[in-house]
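Q: Have a look at the structure that comes next, please.
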Amino acid sequence: MQPQYRNTVERMYRGTFFYNFNNRPILSRRNTVWLCYEVKTRGPSMPTWDTKIFRGQVLRSKAKYHPEMRFLHWFREWRQLHHDQEYKVTWYVSWSPCTRCANSVATFLAKDPKVTLTIFVARLYYFWKPDYQQALRILCQKRGGLHATMKIMNYNEFQDCWNKFVDGGGKPFKPRNNLPKHYTLLQATLGELLRHLMDPGTFTSNFNNKPWVSGQHETYLCYKVERLHNDTWVPLNQHRGFLRNQAPNIHGFPKGRHAELCFLDLIPFWKLDGQQYRVTCFTSWSPCFSCAQEMAKFISNNEHLSLCIFAARIYDDQGRYQEGLRTLHRDGAKIAMMNYSEFKHCWDTFVDRQGRPFQPWDGLDEHSQALSERLRAILQNQGN
């Protein structure tokens with residue numbers, strides 16, 4: 001017996017998809033929420049049981065008209081007939097859930113442990129409001145198991161959504177030019193909102209400060225922001241997180257994008273006022289020449305913002321990296337190598353350590369001292 005479908009459509013037009021699933025972080029006149037869902041029965045083959053689309057007006061005062069609530073109403077009826085079956089549910093939504101919908105979904109999942117939900121969102125709805133942030137944290141928090149997994153749609157998810165739910169007329173999905181940049185902004189914002197933490201193995205592998213390492217082609221950048229108030233630097237915990245470089249051909253970046261440039265994209269999105277701010281970055285590699293030049297330009301154009309960079313290792317591409325570091329230092333950035341204190345601070349602040357203390361690796365202090373001397377020589381233009 002199949003359940004009755006209400007307020008659903010099978011496919012959407014191409015124009016509807018591009019208009020509503022535009023991932024520009026701030027958009028107006030997008031009052032309809034589109035929720036494309038896929039339900040699979042859990043098992044070795046995980047066959048797809050159903051795929052359809054709910055839609056609803058996001059600004060309606062009654063949350064029952066929102067597509068998330070319509071899905072829950074429909075799915076509850078189905079679960080009454082198939083309460084023993086385990087399901088894996090995937091949503092592709094144009095807006096992330098509002099506060100009431102997020103709370104309702106969290107309650108539903110808490111009562112039905114046989115259902116797992118992954119939510120891919122094109123944009124974040126009212127992400128700057130504290131009550132909304134708290135609702136999403138409750139929805140995605142761990143309570144004996146992950147309740148819901150929420151991710152920003154990247155190129156692959158947009159393509160999957162296009163293939164499964166759009167009447168594309170046989171044409172392939174063609175992303176907008178700014179899709180990768182917007183993805184990075186939204187991904188970092190969601191990480192701040194949900195207070196994502198780094199895996200311990202990722203931290204120790206990428207932030208190990210051995211001067212010469214092989215296979216470490218990624219750059220991780222942890223950041224925090226403070227505001228000067230009555231001669232005291234006050235942490236802004238809403239702007240704290242980490243990001244990594246985007247590799248070529250991943251998430252729609254044909255040429256890739258370094259972590260420092262992704263971070264520079266993010267700062268204007270915070271809309272900081274004219275007060276004095278201090279931004280501190282902890283990076284697994286020091287900036288390359290191009291990134292150092294861009295960071296120098298940024299702080300020169302934003303005199304109310306000071307920048308401190310603590311690097312685990314010096315990025316040596318045999319090019320103009322030394323010149324870039326000197327330019328960045330000359331334009332006002334503080335650049336230093338991470339020592340035990342900074343490594344411990346990163347571990348305590350950005351890593352999912354689960355109560356475990358930071359354990360320094362062999363040679364940490366010696367490597368830090370040697371790298372500090374090398375950096376000092378570079379900044380003083382004495383070679384390396």
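Here the Cβ of each residue, glycine as well, is placed from N, Cα and C on the backbone.
So Swiss-Prot lists these for the protein:
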type: REGION; residues: 1-61; note: region 'Essential for cytoplasmic localization'
type: DOMAIN; residues: 29-139; note: domain 'CMP/dCMP-type deaminase 1'
type: MOD_RES; residues: T32; note: phosphothreonine
type: BINDING; residues: H66, C98, C101; note: Zn(2+) 1 binding site
type: REGION; residues: 210-336; note: region 'Necessary for homooligomerization'
type: DOMAIN; residues: 215-328; note: domain 'CMP/dCMP-type deaminase 2'
type: MOD_RES; residues: T219; note: phosphothreonine
type: SITE; residues: N245; note: site 'Interaction with DNA'
type: ACT_SITE; residues: E260; note: active site, proton donor
type: REGION; residues: 313-320; note: region 'Interaction with DNA'
Q: Is the region 'Interaction with DNA' (313-320) packed against any residues at least 6 beyond its ends, judged by a Cβ distance under 8 Å, and which are they?
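A: Tertiary neighbours of the region 'Interaction with DNA' (313-320) are 209-211, 213, 219, 284-289, 337, 371, 374-375, 378, 384.
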Q: Among T32, T219, N245, E260, these being the recorded positions, pick the one whose CA is nearest to that of C101 (Zn(2+) 1 binding site).
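A: Result: the closest of the recorded positions to C101 (Zn(2+) 1 binding site) is T32.
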Q: Hey, how far is N245 (site 'Interaction with DNA') from C98 (Zn(2+) 1 binding site), Cα to Cα, in Å?
A: 30
Q: On a C-alpha basis, identify the one among C98, T219, E260 that is nearest to T32 (phosphothreonine); the candidates are the recorded positions.
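A: Closest by Cα distance to T32 (phosphothreonine) among the recorded positions C98, T219, E260: C98.
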Q: For C98, C101, listed as binding-site residues, tell me which one has the smallest number of other Cβ atoms within 10 Å.
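A: Minimum Cβ neighbour count within 10 Å, taken over the binding-site residues C98, C101, occurs at C98.
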Q: Any idea which of the modified residues T32, T219 has the thinnest Cβ neighbourhood at 10 Å?
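A: Sparsest of the modified residues T32, T219 by Cβ contacts within 10 Å: T32.
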Q: Please list, for the domain 'CMP/dCMP-type deaminase 2' (215-328), how many residues fall into helix, strand and coil according to DSSP.
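A: Split into helix, strand and coil, the domain 'CMP/dCMP-type deaminase 2' (215-328) gives 33 helix, 41 strand, 40 coil.
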Q: Please identify, among the recorded positions H66, C98, E260, the one with the smallest Cα-Cα distance to T219 (phosphothreonine).
A: E260
Q: Do you know the DSSP helix, strand and coil residue counts for the domain 'CMP/dCMP-type deaminase 1' (29-139)?
A: 41 helix, 34 strand, 36 coil
Q: Would you please pick out, from the recorded positions H66, N245, E260, the one with the fewest other Cβ atoms within 10 Å of its Cβ?
A: N245
Q: State the Cα to Cα distance, in Å, between H66 (Zn(2+) 1 binding site) and the residue listed as 'active site, proton donor', rounded to an integer.
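A: Rounded to a whole number, the Cα-Cα distance is 38 Å.
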